[in-house]
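S.K.: Structure in C-alpha cells, see below.
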C-alpha cells in the first residue's frame, strides 16, 4: 500500500530529517524511535516528493500573501484597484487548479511549479519543509497524488480493450487507497501548539519556548514538580485541549554547554502506530524465536562433541553432554525470568526472546526488544541489570558447586576435555583457561592438570558456568542495544553511549584483525549491525538514577573487564598478546 510505505518512511526518517533542520539553529534534536540509527530511512518516492514541493510552495505563497493582503486593505482604493486588475489578469490567463476547487493559477505559476518539481533536489524550500515531516502531511500529499492519478486515468483515451481493463484495475486500486487515506486523515492530525501553550504553568512545567517536531512539539522550560506527579496531570490537560490522547517525554538538551529541560508532546496514535510496526510479538516473531532456539540447541550439541574424549560412544555423549545442556538451560531460564519480572514491575512489554547460536560457545546469549515506552531511566537500567546479574550469579553458582563436588582434580566421572584449539586466537575466552588451567607450559610440556593428547578435564556443569560468565560479559559490552549499551545509555546519556558503542566496535574489530579472533569478529559484527543504534528514550530522562545504580554499574563494568581482558595465565603463555606455544595436533 502506497500510503503505508510513505507513512512508515516518515516515521523512521523524522529523527534524521529533524537533525538536519535543528542543527542549523544550534539545537540538539531528539531522535525518538530510530532504534537502529545505522540504517538509513527509506527515501520518499518521486511522486510523493513532487507533492511535498507543491504543498510547501503553496504554504509559502499563502504566508507571503497574508501580510500583503493586510497592507492592501490598509492602503485604500489604489490597492483595491490593483488587486482587481490582478484578478482580471488571472481570469484571462489562468487555469483551474489541480484540486478543481475553482482557484485560478497563471501559466507562469504553473511553469514555476513544474520547474520546482524538476529541481526538487536542490530546492531550499523543499529542504526546509522536509526538515520536519509529519504523518498528517504525508497522508494529505498521498491523497493528492491519488487524486491526480485518477484524473490522469480519466483523461486517457481507451485505445484498446486491454488498456482499458488495466486502467480500470488501476483506477479501482487508487480509489480504495484514497478511501483508506481519508479514514487515516481523521486519525492522524498535527497538534495545535498555540492551544497547548495554555496547558503549561507554574505548577507543572513552565514553558518559555516551543518549536514544531513532527505532528507534535518540543516545549522548552523547567520542571516545577517531580515527573511522576506532573506527567499524568499534564497529559490529561493537553489531551483535553488537543482533542486526542498524547504522549509526553521529559528530557534534557544541551546547547552551547547550557542544559535545558524540555517536554516533548506527540500524538499517542502515531506512537502506537510506530510501536505496532516495529513489534516482534507476531506469529512470525514467535516462529523465528522457536527456530533460533532449535538452532541454538543444535550448536550446543555440535560444540559439545568437540570436548568428548577420543573413542567416546553415544552413551558417553549423552552422559557427558546432558549436564552441559542442563547448565545452559539453567542460566538462560533464570536470567529470562528475572528480566521479565523486572520489566513487568515497570510496565514494559518485551518481545519474544531470541537465542543467539554460536558454533564456538554454543550460545551467545538472549536478545529482546522493548515493545512499549520506558517510563524512566531506572527501567532502562534495571531491566538489563536484572538479566546480567542473574546470569552471573547462576553461572558462578554452577561453576563453584561443580568444582567443589569433583575436588577440582579430574572433572568427575563425566568430564569434558577442553582442547587447546578452543582457546587459540580467542582472547575473549582467556578467563576460562585461566580458571581450568592451560594445557602446557611455556616450553610445551603438558601440565599435570591435563591429559596428554586429549585436553584439560573439566566438569560439564562447571564448564557451562564458565561459558555463561564469558557470554554474559560479552553482552555487557557497552555497544548498541546490548545489555551493556542500554546500561551505558541510562548512566551517561545517549551521546556518551554512542561514543562508547563506537569505541567498543573498534576494539572488537582490532581484536579480529590484529589478534585473528573469530569470536571478536562475529560478536563485533553482531553488536554493530544487528544490535546497533540507540534504545528508545525513556519518558522521564530528567530524574537522576542515584548513586546506588552508578555503583552497580561500576561493579558490572569491572567484572566484565576482568573476565574478557586477555591474561598471561589464560590464552597466552606470556603477558598480553604473546603467541601460544601449543597450536594443536591432537
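Cβ coordinates come from backbone N, Cα and C, glycine included.
As the structure is a computational prediction, the values presented were derived from the model and not from experiment.
Pasting the feature list from Swiss-Prot:
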- 1-54: transit peptide (TRANSIT)
- 13-32: region 'Disordered' (REGION)
- 58-122: region 'Disordered' (REGION)
- 61-73: compositional bias 'Basic and acidic residues' (COMPBIAS)
- 103-195: coiled coil (COILED)
- 287-307: transmembrane segment (TRANSMEM)
- 318-338: transmembrane segment (TRANSMEM)
- 389-409: transmembrane segment (TRANSMEM)
- 427-447: transmembrane segment (TRANSMEM)
- 454-474: transmembrane segment (TRANSMEM)
- 506-526: transmembrane segment (TRANSMEM)
- 550-570: transmembrane segment (TRANSMEM)
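Situate these features within the shown structure.
M.R.: Across the residues of the coiled coil (103-195), the predicted structure has a mean pLDDT of 68.
The list of residues near the transmembrane segment (389-409) in space but at least 6 beyond its ends in sequence, with Cβ under 8 angstroms from a Cβ of it, reads 327, 330-331, 334-335, 337-339, 415, 435, 459-462, 464-469, 471-472, 556, 559.
Here the transmembrane segment (550-570) has Cβ contacts under 8 Å with residues 381, 385, 388-389, 392, 423, 427-434, 438, 469-470, 473-474, 476-477, 484, 487, 491, 576-578 of the same chain, all six or more residues outside its ends.
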S.K.: So what's near the transmembrane segment (506-526) in sequence-distant terms, Cβ-Cβ under 8 Å and 6+ beyond its ends?
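M.R.: Tertiary neighbours of the transmembrane segment (506-526) are 356, 358, 360-361, 364, 425-429, 474, 477, 479, 577.
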S.K.: May I ask for the residues of the chain that lie six or more residues beyond the transmembrane segment (318-338) and have a Cβ under 8 Å from a Cβ within it?
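M.R.: Result: 297, 300-301, 304-305, 307-308, 312, 353, 355, 362-363, 366, 386-391, 393-395, 398, 414-416, 459-461, 463-465, 467-468.
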